[in-house]
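Novice: Pasting in a structure now, in structure tokens, and then I'll have a few things to ask.
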């Protein structure tokens with residue numbers, strides 16, 4: 001279990017008011033911040049901290065997300081009607097730019113098939 005602490009009393013002045021994460025399962029302490037003597041993210045055995053007093057501090061641990069292959073999201077802030085009108089009347093929308101596969105492209109430069117595909121993928125009823 002991980003516990004966050006702020007050291008309030010220690011024989012070593014470098015530890016005073018420093019913040020640490022204590023891992024009770026491994027018997028290790030990870031330095032979050034210290035005035036001197038310890039580097040950020042330095043890991044030491046809890047016994048190396050010596051005789052200390054501390055107060056617990058809240059720690060929020062977020063689960064680590066690992067995705068094989070990655071994910072990608074393109075956001076276009078448009079109405080379906082705007083894109084459909086751009087297909088019918090491209091001269092009215094010479095500057096209409098959308099995101100496709102991570103890059104910006106003028107909607108009118110896409111082929112009709114690509115335009116239909118963008119409209120179909122962008123506007124769905126549900127996920």
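Don't overthink the numbers, they just go from 1 along the chain as shown.
Cβ coordinates come from backbone N, Cα and C, glycine included.
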Novice: In Swiss-Prot, which of these is labelled N6-acetyllysine: 9, 48?
Specialist: 48
Novice: Run through 26, 88 and tell me the one Swiss-Prot describes as N6-acetyllysine.
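Specialist: In Swiss-Prot, 88 carries the N6-acetyllysine label; others show none in the record.
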Novice: For the set 35, 92, say which residue Swiss-Prot annotates with N6-acetyllysine.
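Specialist: Among 35, 92, the residue Swiss-Prot annotates as N6-acetyllysine is 92.
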